[in-house]
Amino acid sequence: MNAENFGSSERLVTAAYVRQGAQGRRAHELRLRALLEQGKCPEDGWDESTIELFLHELAIMDSNNFLGNCGVGEREGRVASGLVARRHYRLIHGIGRSGDISAVQPKAAGSSLLNKLTNSVVLDIIKLAGVRTVTNCFVVPMATGMSLTLCFLTLRHKRPKAKYIIWPRIDQKSCFKSMITAGFEPVVIENVLEGDELRTDIEAVEAKIKALGAENILCVHSTTSCFAPRVPDRLEELAVICANYDIPHIVNNAYGVQSSKCMHLIQQGARVGRIDAFVQSLDKNFMVPVGGAIIAGFNESFVQEISKMYPGRASASPSLDVLITLLSLGASGYKQLLKERKEMFSYLSSELKKLADNHNERLLDTPHNPISLAMSLKNLDENNDVAVTQLGSMLFTRQVSGARVVPCGSVQTVNNYTFKGFMSHANDYPCAYLNAASAIGIKKQDVDVFLKRLDKCLKTSKKEKIQI
């Protein structure tokens, strides 16, 4: 209520009580004012009542919620189900306009404000997480793969002759298909084995650029977050090469926001060389439903070009989800989650090493990977990949999700390109192994239960091997 309505309320309720209620309302409004003025994630998280009040205030600014609204167009924010309307807080118009996902909608001032605030708050969090010189970003209602495709399609207009994308190999289908879907030919650069780690072959990247011609290359497509024993690409070296040859550089930072090391690599790469855009998932970094990503960069105009490449309006759901989450957590809450994740990585690493030693296996030495770990499975059954695969099935049926069991020598074809040793990021990795990751939101209980079930599964697998 405004001041006039509070004044009128004093006719019905004691003035002192009304003033007290007005002060309570004022406390909520001060939070909203700070968010609107600063555009930053609040240091302390908001309670749900403040968030819901804010969303209601935004919703009544949209034309579909105007009292007496008369819509005669084809897109009037009509919703048949009240349940669906409530699920979206009656923010029905989505974000953007037909020519620009970041543009303001005349019919939807509230939804447009939601979009602008979300992008501003997310930019603040990216800076907080370590990429302090990022200049612009926007939330897009597509997962990481399609968001990468949007970046490549934007570059097509800048480099019309280009047909190749240089891609240090990472065995994850969506990032490979993102290049195919955009109409480009991936040039796969095999990784080099250094100890247990698979690392970027910088010499091979530069040799391939010289062989193909820089003008024929759309970009270098590198990766930060990945499954061990693959480790983040050598971003600084790649960024320098891109700057030297005037080639764009797109980074797949899928779940790297939660890692200070991954974010540091991006910051350093932009400092010493060239990074045009980096893409990260909403669900993996902010614990929201799948369906959104953040495209960010160091050149504000290029990020705007990407947003204008998105055809049509877009769903506001990913923006709404991440804004609610970050307002709920606050900057301090998100920083605490990052701290806890790092602590759990150390705990998972030490405990998984103990378990590996007990089973005459070893924790692979991958110090450059800050999120994922790998444990060898050499002694499970060196000559029988079926036993290795069965271990993965045993874990899954025992409700262990996310652990990956990688046998040796599996072959898979993706869009007519055959990968030998698929999932291991190399043609001939020396051993089969199991992956486990310490991602944001993981708890000590998750680690303890996983290790207990893994131990039991390994013992069962050994017994079955002896009986055979």
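In case you wondered, yes, glycine gets a Cβ from its N, Cα and C as well.
Marked as pyridoxal 5'-phosphate binding site by TrEMBL: R75. Summarising the annotation, TrEMBL assigns substrate binding site to R97, S98, Q105, R313. Taken from TrEMBL, the feature tRNA binding site applies to R271, R398, K463. Annotation comment: TrEMBL describes K284 as N6-(pyridoxal phosphate)lysine.
Counting only same-chain residues six or more apart in sequence, the Cβ atoms lying under 8 angstroms from the Cβ of R97 (substrate binding site) belong to A103, V104, Q105, R313.
Nearest neighbour of S98 (substrate binding site) by Cα distance, taken over the recorded positions R271, K284, R398: K284. Candidate recorded positions: R271, K284, R398. Nearest to R75 (pyridoxal 5'-phosphate binding site) by Cα distance: K284.
Across the fold, the C-alpha of R398 (tRNA binding site) and the C-alpha of K284 (N6-(pyridoxal phosphate)lysine) stand 23 Å from each other. Each of the binding-site residues S98, Q105 was scored by other CB atoms within 10 A of its CB, and the lowest score goes to S98.
For R75 (pyridoxal 5'-phosphate binding site), the count of additional Cβ atoms within 10 Å of its Cβ stands at 12 [all protein chains shown].
The number of other Cβ atoms within 10 Å of the Cβ belonging to the residue listed as 'N6-(pyridoxal phosphate)lysine', over all protein chains shown, comes to 22.
Spatially close to R271 (tRNA binding site) yet at least six residues away along the chain are T133, judged by Cβ distances under 8 angstroms. Neighbour counts were taken as the number of other C-beta atoms within 10 angstroms of each residue's C-beta; across the binding-site residues R313, R398, the minimum falls on R398. Same-chain neighbours of the substrate site beyond R97, S98, Q105, R313, judged by a C-beta within 8 angstroms of the site's C-beta center, are, in sequence order, G94, I95, G96, G99, D100, A103, G312.
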